[in-house]
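Structure first, then comments.
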């Protein structure tokens, strides 16, 4: 069987349409991941014992259970507690909440990598703690954590393919469907791989640009 | 060395009374009493682990001393006045105000690497003194000029030598116009050929009448710039005397003698 570009050309519109769901899950997931990740990191570092242990529990749970299992739990178990989420919401929540655990740890690592003396210098000058965080700690944590954060976001795009198990017509699911109809797995999966790659390539370029802008010296 | 005219009316700028500090079971400082007068340069010397840095860090409450008092111009630093036990810390805002008047320079410079030299100096002027951006930059530039670094204002710390970084750190502190400057081994992290430029700036500050407390291993600086030298050993203030009494003749105290011997062997003093 020869590789046929016609098959790709013919099916590309369907694949691209499906890629929109992939993008939706990824972008919404990233938003949840970053906002929740920041909150979790703050909770994890907080001197409030209850907050810190909650964050610790959250992180170890979402890091310790396969995302596929989390997704199925969100989809099948939440209705039992009266939360009947549409499949797409379950998928976005599961990927975002799982990724937030990693984001929180990335941020924590970055914050703890900043030498203690920098906060001390600010204290000795009488700089208020809000300004210390806003002007000195957070900008550096972002700079230090950015490569790992971009990594995490790229990972998030890729794991959005798991949403296929709850019936969402995202890129991987649609590729499977088309393959079932056309019996051309090679062409279809090559095309799907290409689309994933392009999305992540753009994302990593954005990451590189941000790193350059934040770079010093 | 600067000359002083001690007038009866002026109290000591910093006065430390019976101050002690322990870390868990380790007694870092014991019953320290020390006055630092206006425009005076006091050097703290002694073996490592003797408590010099801890003493310095208690002066601006980066370390909370346990008992006794540290006063700047009569105001108790860090703890609330009164006899209530246990003592309570002053409010965060009060401590920030107290610290504004006490400049500090660290062994590791502790510049903020994402900001330029100028921004490093201007930051506290904006955040603490409430200056506008332009006024803060002008004042920062003036401070950088004092440490002979106006041409490096736009450099980030990574593009400065250790000596230049430490001078930026000094500019960052003096820009706040503190009443006293604390130096915690300001040249210990520097390559030998860069020590001189930092010491030169410090000598100029001393000549201008800045009150300075300096933890140092530079015996030459202590001998020639200090008005008085304090020798610490095992958390105690062993000797507090003019440098001539410590370096000029054989010291009475065997601890001081053996400490200085290690320097004499290397022909430092």
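Using N, Cα and C of the backbone, Cβ positions are placed for all residues, glycine too.
Taken from TrEMBL, the feature domain 'ABC transmembrane type-1' applies to A:19-207. The annotation transmembrane segment is assigned in TrEMBL to A:21-45, A:57-79, A:85-104, A:144-168, A:188-206.
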(request) State, in range form, which of A:57-79, A:144-168, A:188-206 has the highest count of Cβ pairs under 8 Å to the transmembrane segment (A:85-104). (result) A:57-79
(request) Would you mind listing the long-range same-chain contacts of the transmembrane segment (A:57-79), meaning Cβ under 8 Å and 6+ residues beyond its ends? (result) 40, 44, 85, 87, 90-91, 93-95, 97-98, 100-102, 104-105, 159, 162-163, 165-166
(message) Same chain only, please: residues at least 6 beyond the ends of the transmembrane segment (A:144-168) with a C-beta under 8 Å from a C-beta of the stretch. Say none if there are none.
(response) 21-22, 25-26, 29-30, 33, 67-68, 71-72, 75, 87-88, 90-91, 95, 98-99, 102-103, 106-107, 109-110, 113-114, 176, 196, 199-200, 203-204, 206-207, 210-211, 214
